[in-house]
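Worksheet: the structure to be examined is printed underneath.
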Amino acid sequence: MIRQRTLKNSIRATGVGLHTGEKVYLTLRPAPANAGIIFRRTDLDREIKATAAAVGDTRLSTCLVEDGVRVSTVEHLLSALAGLGIDNCYVDLSAAEVPIMDGSAAPFVFLVRSAGIKEQEAPKRFVRILEPVQVVDGDKWVAFEPFEGFKVSFTIDFDHPVFLDQHARAEVDFSSTSFIKEVSRARTFGFMKEIEALRASRLALGGSLDNAIVVDDYRVLNEDGLRYRDEFVKHKILDAIGDLYLLGSSLIGSFHGHKSGHALNNRLLRKLLEHEHAWEEVTFEELDELPIAYDQPVVA
């Protein structure tokens, strides 16, 4: 059978929260089969399982909330776990926010690969899309469609000089594209004016040119420029992959986003789960039964 995965060993890192600016200790630990991804607040001795229903705030990031306990900015770490096929993991945090690291999923990919990956004696579960599902909010929309693989496309639309030279749309079919090489390094981005307003409201206190692409009225301020020509839209794809992993399983289907964000992504997940005829949970006995997007080596 195609088995679930967890980490071989625990691994620790230190960073700062993007919005709080607080120092955060992060430890990724192996978890038993069928546990899922569980965030544990070591400062409060409380835990929250990563599920679509646990999302309680999506204004600036994806935030899990349960009985007043919060864990925010989970999407980059979840994207890395999804990209590496990790089904079960304890995420221990000393504060309320996952550290922003360099603003991408790449540091989390490095941590997981350094800890090692092991298979477990339980079948890996997939969610297969059977019927189209869509959520529309004005000129923004998100949709799932049936697809025998995993494909994510996204369109952004910003009225700003920097984006005139940018690819506004990207599509990633993971049967032929490496998450690690082509998506994981895309950093979060923000506009200087918005960052100044956020800081005035005591938010984005940990943000800097070391962990985000910052854009002023005319240009990218980071001296090293962009990691990909289409890094802005690639980061939206990275975010979406993390948000979609709140299904608790790898997805067999395609996702399309147009000018959407964390809120619409979560609304789409909830709508999908409400429509039981639109999806099914599946497992696979043999590797050659898997959609090609999932039979690639982890190190690709």
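Glycine is no exception: its Cβ is also placed from the backbone N, Cα and C atoms.
What Swiss-Prot records for His262 is active site, proton donor. Feature annotation from Swiss-Prot assigns Zn(2+) binding site to His76, His235, Asp239.
Here His262 (active site, proton donor) is positioned 8 angstrom away from Asp239 (Zn(2+) binding site), judged by their C-alpha atoms. In sequence order, Glu75, Ser79, Gly103, Ser104, Ala105, Ala186, Arg187, Thr188, Lys236, Ile237, Leu238, Gly242 are the residues of the same chain, not among His76, His235, Asp239, whose CB sits within 8 A of the CB centroid for the Zn(2+) site. Cβ neighbour counts within 10 Å, taken over all protein chains shown, single out His76 as the most crowded of the recorded positions His76, His235, His262. For Asp239 (Zn(2+) binding site), the count of additional Cβ atoms within 10 Å of its Cβ stands at 25 [all protein chains shown]. With respect to their backbone Cα atoms, the residue listed as 'active site, proton donor' and His76 (Zn(2+) binding site) stand 12 Å from each other.
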